[in-house]
Amino acid sequence: MAFSLEEAAGRIKDCWDNQEVPALSTCSNANIFRRINAILDDSLDFSKVCTTPINRGIHDQLPDFQDSEETVTSRMLFPTSAQESPRGLPDANGLCLGLQSLSLTGWDRPWSTQDSDSSAQSSTQSVLSMLQNPLGNVLGKAPLSFLSLDPLGSDLDKFPAPSVRGSRLDTRPILDSRSSSPSDSDTSGFSSGSDHLSDLISSLRISPPLPFLSMTGNGPRDPLKMGVGSRMDQEQAALAAVAPSPTSAPKRWPGASVWPSWDLLGAPKDPFSIEREARLHRQAAAVNEATCTWSGQLPPRNYKNPIYSCKVFLGGVPWDITEAGLVNTFRVFGSLSVEWPGKDGKHPRCPPKGNMPKGYVYLVFELEKSVRALLQACSHDPLSPDGLSEYYFKMSSRRMRCKEVQVIPWVLADSNFVWSPSQRLDPSRTVFVGALHGMLNAEALAAILNDLFGGVVYAGIDTDKHKYPIGSGRVTFNNQRSYLKAVTAAFVEIKTTKFTKKVQIDPYLEDSLCLICSSQPGPFFCRDQVCFKYFCRSCWHWRHSMEGLRHHSPLMRNQKN
């Protein structure tokens, strides 16, 4: 049913040149409207369709576009007799292809209440939803929204000009809707499965000719840009023509602006998306590149009568090991329990699914002397390059004999390191360091960050209830410059002879009020230096809905239950 480009250009020329032929009958849309009316069982009233010839003066003012490329790529405007098309954009009635003359109830009062004539309005909604005209959506179920992603299915590709396909926007409805779902409009009026009806709709010319639009600007406009943007210009002009004043928008228009949701398009749909983003940021070291690298040997460790945590790490355990096997092997050193690795410490006493260990496990003894006894039974090399004593214990399982596993204890003195005891520790100059390696103690962490940024006065390793490290720490600087350098670095790669690990640096967070409203708690922190403050939920959404700030990632304190 689609027309060729040459035929479309010829029909446009006929519409302007022939004064004796009625507008509706000469345009290619006339037969289409009649066939649509036939499908509707002649429910549309064509008695008031205007047949007055078009004013000749308009044609004289238009440029000759018989051989113009703009003519070939344009679609016809349907003028009515009640108006002489102005030299600018067409008004709302002109854009509606003469539908006002089809006696469509409620056309002249799109903001009427819901208790208007429902039967006539249903007929109007059906036709207008087929045309996908922005004014049709005023009466439909998604007022003043742009075209949906696939309003006519695959038949959308049959439109002759690229401007229709180029103007498809994935936006939410601008204003409130009578329907709980925009998809409800797809089932009203006609069945979307009618191929014949789709062919009719795909053949409609619903945009004004490009030469007609070209006269609206102060200077010449690029035909290519006009081909893409003509649909947007048309919709904006139509909305401006029908939009009521701010004082006359009582029910369907909650705000004075015609486009109230443009400012809300960037807002997250889920109000709890901030928490999800904050949780994802905690694992950012796994997916981000390091901005700087430290390589070298860790400072030697010299202990005199060290005190150990009652919890030890076992690495490289046999894959078929069971909890009973672990208890039977290590209970000779004292009473103990087994903690299997679990997500965020959940169900730590339960083995993984399928009873398949991840290759490591934690042993928790009741007494610290049990750990000493275990280490004495291990083989170790005290002369390692980094000054670290590595402990290995031989154990067996049902299918593996004499497997050597690594035992990593934790000395309580390694949890804190103070470089300057007289220096006051300022939380506002403290950074949080995540994704630490298990062999990294506070002294080594302080030395690494002092080499990179300078000014370190304190370093601490975060521990659990058994005083065993949990993989994070804190470092305090004595000046703001070093602190900001560390925060800006964000990701640092640490290379030693024993391991290579990428750590993550963030500002250390405290309990604080929102620094915008100063009335609500501020659990969310923006680490970008444009913001760099605490926010409550409402102030976060308000601040970060602005252009250029939407990419900021939130931080939250990792509060354990």
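The count begins at 1 with the first shown residue.
Placement of Cβ uses the backbone N, Cα and C atoms for every residue, glycine included.
Classification of S43 (phosphoserine) by DSSP places it in coil, neither helical nor stranded. Just so you know, the Cβ of S43 (phosphoserine) picks up 13 other Cβ atoms within 10 Å once every protein chain is counted. According to Swiss-Prot, the feature phosphoserine maps to S43, an assignment based on similarity to another entry.
Look at Swiss-Prot and you will find 159-194 tagged as region 'Disordered'.
The phosphothreonine feature in Swiss-Prot is assigned to T171; the stated evidence is experimental evidence.
The feature compositional bias 'Low complexity' is assigned by Swiss-Prot to 176-194.
Under the heading domain 'RRM 1', Swiss-Prot lists 310-407.
The domain 'RRM 2' annotation in Swiss-Prot covers 429-510 and is backed by sequence analysis.
Cβ-based neighbour count (10 Å, all protein chains) for C514 (Zn(2+) 1 binding site) stands at 20. In this structure, C514 (Zn(2+) 1 binding site) belongs to neither helix nor strand by DSSP; it is coil. Under the heading Zn(2+) 1 binding site, Swiss-Prot lists C514, C517, C536, C539.
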For S43 (phosphoserine), the one of C514, C536, C539 that lies nearest, given that the binding-site residues are compared by Cα:
C539
Identify, among the binding-site residues C517, C536, C539, the residue whose Cβ has the fewest other Cβ atoms within 10 Å in this structure.
C517
What average pLDDT does the predicted model assign to the domain 'RRM 1' (310-407)?
83
If the Zn(2+) 1 site is taken as the center of the Cβ atoms of C514, C517, C536, C539, which further residues of that chain fall within 8 Å of it by their Cβ?
L513, L515, I516, S518, S519, Q520, G522, Y534, F535, R537, S538, W540
